[in-house]
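Contents: one structure, followed by commentary.
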Amino acid sequence: MQTHQYDVVIVGAGGAGMRAALEASKEARTAVISKLYPTRSHTGAAQGGMAAALANVEDDNWEWHTFDTVKGGDYLVDQDAAEILAKEAIDSVLDLERMGLPFNRTPEGRIDQRRFGGHTRDHGQAAVRRACYAADRTGHMILQTLYQNCVKQDVEFFNEFYVLDLLTDHDLTTEELEDGAEVNATGVVAYDLASGEIHVFQAKAIIFATGGAGKIFKTTSNAHTLTGDGMALAYRRGLPLEDMEFFQFHPTGLAGLGILLSEAARGEGGILRNSDGERFMERYAPTIKDLAPRDIVARSMANEVREGRGAGPNKDYVLLDLTHLEPAHIDAKLPDITEFARTYLGIEPYTEPVPVFPTAHYAMGGVPTNVSGEVLRDGHNVVKGLYAAGEVACVSVHGSNRLGTNSLLDINVFGKRSGRSAAAYAKTVAQHLDLPENPAARVEAQLAEMRDRPDGDRVADVRKALQETMDANAQVFRTADSLNQALSDIRELQQRYRNVSVQDKGKLFNTDLLEAIELGFLLDIAEVTVVAALNRKESRGGHYREDFPNRDDANYMLHTMAYRRPTAAPDVAEGHVEGYFDHVESFDDYKVVLGSKTVTQTRYEPMERKY
Ligand SMILES: Cc1cc2nc3c(=O)[nH]c(=O)nc-3n(C[C@H](O)[C@H](O)[C@H](O)COP(=O)(O)OP(=O)(O)OC[C@H]3O[C@@H](n4cnc5c(N)ncnc54)[C@H](O)[C@@H]3O)c2cc1C
């Protein structure tokens with residue numbers, strides 16, 4: 001076992017982690033730990049753009065952007081955070097430009113902007129061009145730009161190191177703490193893929209930037225590695241997860257595959273059609289049609305298929321029509337995604353419409369933080385020295401449905417903020433806090449147990465069964481019956497997980513072993529998602545309950561906070577527990593306890609959401 005000491009340790013080298021590293025490393029000794037080589041992080045797959053009210057091509061301002069974000073999130077957004085997101089967007093784009101990011105330009109040489117779902121002028125009057133972009137490879141350009149700047153700034157990286165535990169000075173899973181009691185994060189434990197060795201990192205401040213958890217679903221735009229590690233690690237240490245029932249299904253995944261075709265296709269004029277050739281979004285969102293927010297478009301598509309107007313031999317998808325656009329325009333603005341249609345479906349988008357269907361895309365929920373990136377341990381107390389940013393976190397700027405292009409923005413704005421706050425905090429701590437006596441004991445035991453287990457169930461089989469039940473029962477449409485089915489399947493898979501075995505028993509590059517560990521994270525995240533979804537008996541944003549089709553502000557205008565607790569612990573979660581979120585699912589050896597957190601409202605009163 002090796003040990004390291006840093007002021008700030010950042011877990012994750014995607015956009016959020018590297019944006020944080022650029023800030024923190026200016027002020028404090030900083031290390032970035034990443035299970036992937038940094039430029040392989042999922043941020044690099046982002047396509048369409050990053051929102052900022054630059055008003056380079058049309059009248060726009062940050063207040064309209066704030067309003068759109070709040071309305072897009074079906075009013076579950078914390079409005080103070082959304083205001084920061086929209087205001088600081090402008091500097092975030094300019095920061096990237098100064099770092100060398102090659103944005104597309106207007107003929108006058110300004111950063112060009114394109115339309116995206118839910119971004120409007122004057123509070124919903126018409127679509128506005130707000131997304132800054134680099135063709136349909138915006139995320140690739142952001143990730144490369146941030147990485148190059150980190151290298152220039154001599155940021156230290158530990159690549160292909162998997163963080164498998166978070167160390168704190170109190171065990172929140174068992175200890176009951178008073179309101180205001182101090183809890184500190186002290187370090188993380190990581191596994192080096194190449195050598196199989198354990199490394200303990202002691203830190204004054206830790207930032208989780210581990211990205212999303214899309215692999216709980218089968219049909220997803222997310223990379224194989226998006227297994228919710230940071231969320232699961234925090235949850236296992238007794239920290240809450242916020243709003244996990246809200247998962248975004250992106251309307252335009254390639255049918256049957258889930259590979260993403262960016263909303264930029266519709267931003268550039270693409271139209272969705274059913275089997276009759278009808279532009280059906282005119283019926284569902286008469287004002288902004290195909291550019292309505294994702295939850296509405298995804299549900300409308302699924303509804304067309306249900307009502308028999310799906311296209312194709314099995315009538316199970318709809319069509320994204322780009323055939324009226326000039327091939328030169330398609331090549332300039334959408335080169336990658338049109339190539340995906342050719343490669344994976346054999347479709348020529350110049351002349352044929354592309355088969356599409358919703359695909360699991362983005363976790364709106366995650367580890368709760370305040371606007372400085374500090375992680376909360378209940379409705380209001382923070383864990384000292386622990387921060388989170390990016391898709392792993394829930395600030396919450398996306399509420400129950402994220403607008404397209406607001407995530408590349410989120411990782412930049414809150415990556416920067418958490419990097420700054422972590423470094424500033426580290427400076428106030430004179431000495432590193434003591435680590436537990438055997439800091440790597442939990443991880444070592446877990447790995448040994450998994451490696452030494454004789455023949456058992458295969459990881460791939462359990463993962464497939466999990467993803468299938470999530471697709472079948474917790475997707476665009478949900479009911480109590482479907483969610484209960486998902487929960488009982490997950491419980492059964494949790495039992496099977498205790499028996500999974502790995503074939504590779506070696507030390508070097510044992511990806512087999514790590515995929516088994518990642519499957520454990522996926523099971524935990526899926527369980528919390530379904531428990532929270534069962535408990536929210538209303539429809540809002542990405543969470544649609546057919547048995548409760550309306551939004552219910554009287555009872556559910558609250559964030560969900562989910563805690564893992566021992567069976568013997570009290571049934572009531574710490575912090576704000578009110579009304580309908582006072583809910584418990586008990587299993588053999590632990591239970592999921594739900595509490596709530598108030599939604600911060602500043603200037604926008606909740607209204608009916610129409611587009
Ligand atoms: C196909 C696709 C297209 C998208 N297009 C857009 C778009 O156009 N605009 C937009 O705003 N958003 C878009 N999004 C969403 C957006 O790209 C992501 O939400 C965002 O990039 C997430 O960034 P992140 O830094 O939080 O995480 P990631 O970029 O996913 O990085 C996570 C990092 O954490 C590390 N990590 C994870 N677990 C561990 C562990 N256990 N130990 C060590 N390291 C770990 C990984 O190595 C990785 O470096 C898109 C997403 C997808 C999937």
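Even glycines carry a Cβ here, placed using N, Cα and C.
The secondary structure of R294 (active site, proton acceptor), as reduced to three states from DSSP, is helical. Sequence-distant neighbours of R294 (active site, proton acceptor) (same chain, six or more apart, CB under 8 Å from its CB) are G117, G118, Q248, F249, H250, P251, E263, H361, N401, R402, L403, G404, G542, listed in sequence order. For R294, the entry in TrEMBL reads active site, proton acceptor.
The FAD binding site annotation in TrEMBL covers 12-17, 34-49, D229, E391, 407-408. The 10 Å shell around the Cβ of L36 (FAD binding site) contains 20 further Cβ atoms across the protein chains shown.
The substrate binding site annotation in TrEMBL covers H250, S262, H361, R402. Secondary structure from DSSP puts H250 (substrate binding site) in a beta strand.
Look at TrEMBL and you will find 7-408 tagged as domain 'FAD-dependent oxidoreductase 2 FAD-binding'.
The tele-8alpha-FAD histidine annotation in TrEMBL covers H42. The C-beta environment of H42 (tele-8alpha-FAD histidine), restricted to residues of the same chain at least 6 apart in sequence and closer than 8 Å, consists of G14, G139, G211, G212, N222, A223, T225, L226.
Note: the CA-CA distance between S262 (substrate binding site) and G48 (FAD binding site) rounds to 6 Å. By a simple count of nearby Cβ atoms, those within 10 Å, the most crowded of the binding-site residues G12, G44, G48 is G12. Only G12, L36, H42, S407, of the recorded positions G12, L36, H42, H250, R294, S407, place a Cβ under 6 Å from an atom of ligand 1.
For the domain 'FAD-dependent oxidoreductase 2 FAD-binding' (7-408), the model's pLDDT averages out at 97.
In the shown protein chains, 18 other C-beta atoms lie within 10 A of the C-beta of R40 (FAD binding site). Under the DSSP three-state reduction, L36 (FAD binding site) is assigned to coil, being neither helix nor strand.
Each of the binding-site residues S262, S407 was scored by the number of other CB atoms within 10 A of its CB, and the lowest score belongs to S407.
Around A16 (FAD binding site), the same-chain residues six or more apart in sequence whose CB sits under 8 Å from its CB are T43, A209, G211, A389, G390, E391, V392, A393, D410, I411, F414, G415, S418, listed in sequence order. Excluding the listed site residues H250, S262, H361, R402, the same chain places S221, Q248, L260, E263, R294, Y362, G404 with Cβ atoms within 8 Å of the centre of the substrate site Cβ atoms.
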